[in-house]
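Here's the structure we're looking at; comments come further down.
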Amino acid sequence: MAEQVALVIGGILGGLLLLLLLIGVSYYLWKRLCATFTYEELSGTTAASSAQGDAICPPDARTQASRPPGVPFVVPPSLQSRDWVPLSSGEWAQVPQDPYPAPKLLPHTTSSNLGDACVAGTINPELYKIPEDKSEADFPEGCLGRLWFSVEYQQEAERLLVGLIKAQRLHTRSENCGLLVKLHLLPDERRFLQSKTKHRTTSPQFDEQFIFQVSSKSVTQRVLRFSVYLVDRQRKHQLLGQVLFPLKKETLAGNCRHILWRDLEAESLEPPSEFGDLQFCLSYNDRLNRLTVVVLRAKGLRLRENSSFVSVFVKVSLMNHNKFVKCKKTSAVLGSTNPVYSETFSFKANPAELDTASLSLTVLQSAEGDRSHELGRVVVGPYMYTRGRELEHWNEMLSKPKELVKRWHALCCTTEP
């Protein structure tokens, strides 16, 4: 009987021990399982504010005691360049980024290329630059030099203000020669103003101002002439070139200063013809079927009356089979035997019509009423109508489309004076 009781008690104790062992093993496995799936929630704002005084170090410097050894921690490559802050629990968290970061301004460059990259929302100063006029730096072959000047007319005081600014690339034999400029207000050939002499330079800087007193009624009939002279050691003057600038209403409008530049032209050494000479340009645009005539100036005209109130103009006529097609006139210039016009006219002409077309340029002197006297005429065209220089001018115009071909022509008188 005692043995049976001992066996029963031993079985109960063994069962209890086995139950305790099972409970211990289950509890250990449950803890391991919970440690695997448990994570700590990060508070971005609180963590960032509580870590202001702590030193920031990369996540690689963390100790393994802050995280269970069974849970790996890998920073993605895209986040390795971010800043990290320590949490109060020993973990590391990212510094919160601004959802609307301010754009980074690019450094300004001196390049004028408008295609350079620029951050959206910023001002690109290259877009507001005025493009430079590259024609000022282009000097044609055989250029004698270039002159810069300014013109301003004061209506109330009736004064013409002329500024002589500078000259560049003057074609001189030696830099030891001096340079000066004489200013005439044509048709007055006797009175002139003169600049200071510049030495040892082919690109002198003048920066001088001159004043001409001229009435508002006659100012548009005047022509400014800039004559550039070389001065040698004996103080002799040799003409290098000149610029003729007609004073038009468009140039003098606005009561403001107009800055201009012109290339020097050599003075014609040939004596004028019996009835005078006329200089003009011809150009033909085969795409637009446009014939262009630029009447520049005349010289050596034989006026019938020696009076300053006599006006001279040029009539340009387009003819076809010697039949009148269209006619245009220049403005009249008062009392000058060497008038300057610089006016452009265009005519419509098909390529097939150029073999039978011609241009007649007639210089006329106005008389009383609506009458006028012919001072001379020149005709340019194909072989059917012309010969010599007039035919050469016409053929050169056709061989150089869209280019202005400039020449002097002698006037012929067709009527008895």
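Note that Cβ sites are derived from N, Cα and C of the backbone, with glycine treated the same way.
The feature domain 'C2' is assigned by TrEMBL to 143-262 (among others).
According to TrEMBL, the domain 'C2' annotation covers 274-395 (among others). The DSSP breakdown of the domain 'C2' (274-395) into helical (H, G, I), extended (E, B) and coil residues amounts to 11 helix, 66 strand, 45 coil.
Annotated transmembrane segment per TrEMBL: 7-30, in sequence order. Remote same-chain partners of the transmembrane segment (7-30), defined as residues 6 or more beyond its termini with a Cβ less than 8 Å from a stretch Cβ, are none.
Across the domain 'C2' (143-262), DSSP helix (H, G, I), strand (E, B) and coil residues number 7 helix, 65 strand, 48 coil. Mean pLDDT of the predicted structure over the domain 'C2' (143-262): 88.
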